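Worksheet for the structure shown next.
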Amino acid sequence: MQPLILASQSPRRHELMRYITSDFEIVSASIDECVYENESVEDYVVRMAETKAENVYQNHPESVVIGCDTIVSYKNEILGKPVDKDEAYRVLSLLSGKTHHVLTAVSIVSSQKKKSFISKAEVTFFPLTSEEIWRYIHTDEPMDKAGAYGIQGQGSLFVSEIKGDYYSIVGLPVAHLQRHLMSFIQGESL
């Protein structure tokens with residue numbers, strides 16, 4: 001079997017990938033994450049996952065490379081990682097008491113083929129007070145996370161309901177990835 005590489009810096013993805021296999025390398029991709037004008041949320045997240053996988057694959061053509069990207073969107077606006085605490089406050093206030101979407105795209109690339117898929121989930125937040133939001137922001141947990149929260153951490157205290165794959169929200173839809181990866185390696189289609 002070809003060597004397997006996860007093109008991600010995310011410690012959460014590293015941990016989740018170990019649910020599937022411990023036999024993989026980690027190589028982070030350096031890419032431009034700008035959003036194109038009129039680009040849909042789905043197109044953006046797939047483009048990011050594919051770009052990460054292809055970027056790493058260029059230097060590791062003997063490998064199967066997995067690239068991932070997770071975004072949070074509300075009313076078709078991409079809510080990325082906050083640049084500062086004020087932006088984290090704006091994003092969390094926007095999500096307070098509302099339902100938003102979390103999309104994780106995964107791209108698998110090898111010398112013979114490329115396959116990409118999206119896993120989607122809906123997350124509903126309880127109504128949040130300003131005090132709750134600031135207390136959370138001061139933990140620094142939201143600062144490196146799309147949508148300014150981590151569902152696997154203290155951000156879980158804001159969540160009233162989830163529809164879809166929890167692991168997709170964390171950043172790696174492990175059950176879907178395992179099935180896609182097996183069919184990819186065996187040359188089958190799902």
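Residue 1 is the first one shown; counting continues down the chain.
Each Cβ is built from the backbone N, Cα and C atoms, and glycine gets one as well.
Around Arg12 (site 'Important for substrate specificity'), the same-chain residues six or more apart in sequence whose CB sits under 8 Å from its CB are Gly150, Gln152, Val170, Gly171, Leu172, listed in sequence order. Per TrEMBL, the feature site 'Important for substrate specificity' maps to Arg12 (among others).
Taking the Cβ of Asp69 (active site, proton acceptor) as reference, residues of its chain lying under 8 Å away and at least six apart in sequence are, in sequence order, Val45, Met48, Ala49, Lys52, Thr104, Ala105. Asp69 (active site, proton acceptor) falls within a strand segment according to DSSP. What TrEMBL records for Asp69 is active site, proton acceptor.
Neighbour count (other Cβ atoms within 10 Å of the Cβ, all protein chains): 26 for Thr70 (site 'Important for substrate specificity'). Per TrEMBL, site 'Important for substrate specificity' is recorded for Thr70 (among others).
The annotation site 'Important for substrate specificity' is assigned in TrEMBL to Gln152 (among others). A coil conformation is recorded for Gln152 (site 'Important for substrate specificity') in the three-state DSSP classification, outside any helix or strand.
For Gln152 (site 'Important for substrate specificity'), other Cβ atoms within 10 Å of its Cβ number 17.
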